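What TrEMBL says about this one:
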- 39-57: transmembrane segment (TRANSMEM)
- 64-84: transmembrane segment (TRANSMEM)
- 119-137: transmembrane segment (TRANSMEM)
- 158-175: transmembrane segment (TRANSMEM)
- 201-221: transmembrane segment (TRANSMEM)
- 241-257: transmembrane segment (TRANSMEM)
- 301-318: transmembrane segment (TRANSMEM)
- 338-363: transmembrane segment (TRANSMEM)
- 391-555: domain 'STAS' (DOMAIN)
Amino acid sequence: MSRMAVDELGEYSVSPDVYKPNNTLMEIDSYVGVSNVDVASTLCFTVGIVMFVMAILRLEFVTAYFSDAVVGGFSTGAAFHVFVSQLKDFFGLSNLPKRYGAGNLFLKLYDIITEVPEQLNQTVMLISLLGLIFLILGKHYVTPFFKKTLKLSVPPPFELLLLVVVTGLSSFFHFHSRHNVPIVGELATGFPVPSLPVFKLVFHLIPHAITISIVVAAIHISLAKIFGKKYGYRTDPGQELYALGFSSILSSVFPMYPVSCSLSRTAVSVEAGTKTQLSTLFSSVIIAAVIVYFGQLLRTLPMCILSVVIMVALTNMLKKVGELKRLWPLSKTDFFIWLVSFGATVGYDVTEGLAISIAFALMTTVFRTQWPRWHYLANLKGTNDFRDAERYASVIDVNGICVFRFDAPLLFTNVESFKESIHMAALQWKEENPHVLGMDDLKIDIPDPEDTIHRLNKMVMSKKITLQMPVKIEQSASGLAYRHFVVDCSGFTFVDTMGVNALKEIFNELRSHMILVYFAAAKAPVRELFQKCGFYAYVPKSNFYPTIRDAVAIAKLRRDASTIHLLEELSLPYDPLDEQLNIHAVS
């Protein structure tokens, strides 16, 4: 990614005359003399500024979208990219084409496979295999043995031992000159002279800096979460952004690329037994010593050994593919998030893979909100609690009373699903409870009883009851004239205007089918919203109860009284309707 920015702005310094004055915001002459190193250092400075601004604006909340499934799939996919990039040095190949964009990982593998028969250096291959065997035996067999027998708390530094031994052998046997083994080569000694970034490039580097900052933050925080979870410590994303920002800004005075957390170096450090930040002090001192004094000692180090160290360190990251087996029975959603994150990162590239991973994770959240689950609740035997009737065996269903729960906020994305769930629940409940009376179970001495009942209910709701209505209704069978439907609102963490309208529709629709609706356990913010939007003008407050138990208790009283009107909700006396309807409950 940094290379793309360097190549883009490097064109100005190579051939500035090909750009016309109206094609850029800066003067052509201002680019003359700007080297690729200057562009890289300025990019480092710009990335640091972006990171610092992100920290000040507290944009670390974005990391909340990096779920464990996203982090696992993305980091494992990135590990595959790093692993494949090391195969070139592992086999001693050279002059392979650079690959970018979609499928670059597979194209790199194809290039390696096709070039191995032609370019394979047998000496390099032998050194790589011996180094690989040494590290595997040391880390997986010798280290556990030493820890068990000698009680060592720090694992032996097999990587360092391998580097020292092979560097000495390479120098003594002249691997490079006699067997054409690629080596590290000459290393510049001494510190470069500090210099300020080229500030006139900052504006044009901002798009690249934003992209790089997002990817750097994602990789850094992903690794912090992975190893923090593994070793039991907490990470502060905001503090990490400040650290990355300051590191990049201060480093920009030297010829450096943007500061980032190295996946391979972090894996090597963890495998070496690193526990605290103190390790960076020792590594910094050693690096400084190498830069100033000992750089030439590493001149004969074979490149294939560095690749072996990185590849072995990445094996634990690659093994995380096994998480798919664990996720499948636990959560199908997390399984597919992990799979898509991994597939997008491997199949495309790190930057695009991260974007696809987060987009897919957000999409699953939308889908889960749009089509949430609903449940019938029943009284848990011996308690006042109501639980999912399908999950508990010792539950008691209350005859004539249905308790319904919708497990999601009530938003515009799921109001249709909510109404369909209510209809389905009411239909199934009616089929499973046939002993609750409907219009066909009432013996009425007028020709159109349904119209009469509806007109009477309408008058009751409008508080206009005539005293001359010759209607006589008697029950001819055991049962109830009204059903009772309790909606558990505890799952409504938020309700928007479309959700409010959906509740109005459901209330009126169920009431027209002789079903009384009760709302229980609504949260305070939701009740405040109902108050502000005038919801209580359509659905009286007396339909709301603090708990499911309270709503069911009132429903039982009404069921036992065999009332077929809504006077209690309206706080009206029973006498006017009793004069019009002579209902005799059958014991």
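Including glycine, each Cβ sits where the backbone N, Cα and C put it.
In this chain, the transmembrane segment (39-57) lies in contact with the transmembrane segment (241-257); the count of Cβ pairs under 8 Å, excluding pairs fewer than 6 apart in sequence, is at least 3.
Using a cut-off of 8 Å between Cβ atoms, the transmembrane segment (201-221) and the transmembrane segment (119-137) share fewer than three residue pairs, counting only pairs 6 or more apart in sequence. The transmembrane segment (158-175) and the transmembrane segment (338-363) are not in contact, since fewer than 3 Cβ pairs between them lie under 8 Å (pairs 6 or more apart in sequence). Summarised as a single figure, the pLDDT of the domain 'STAS' (391-555) averages 74.
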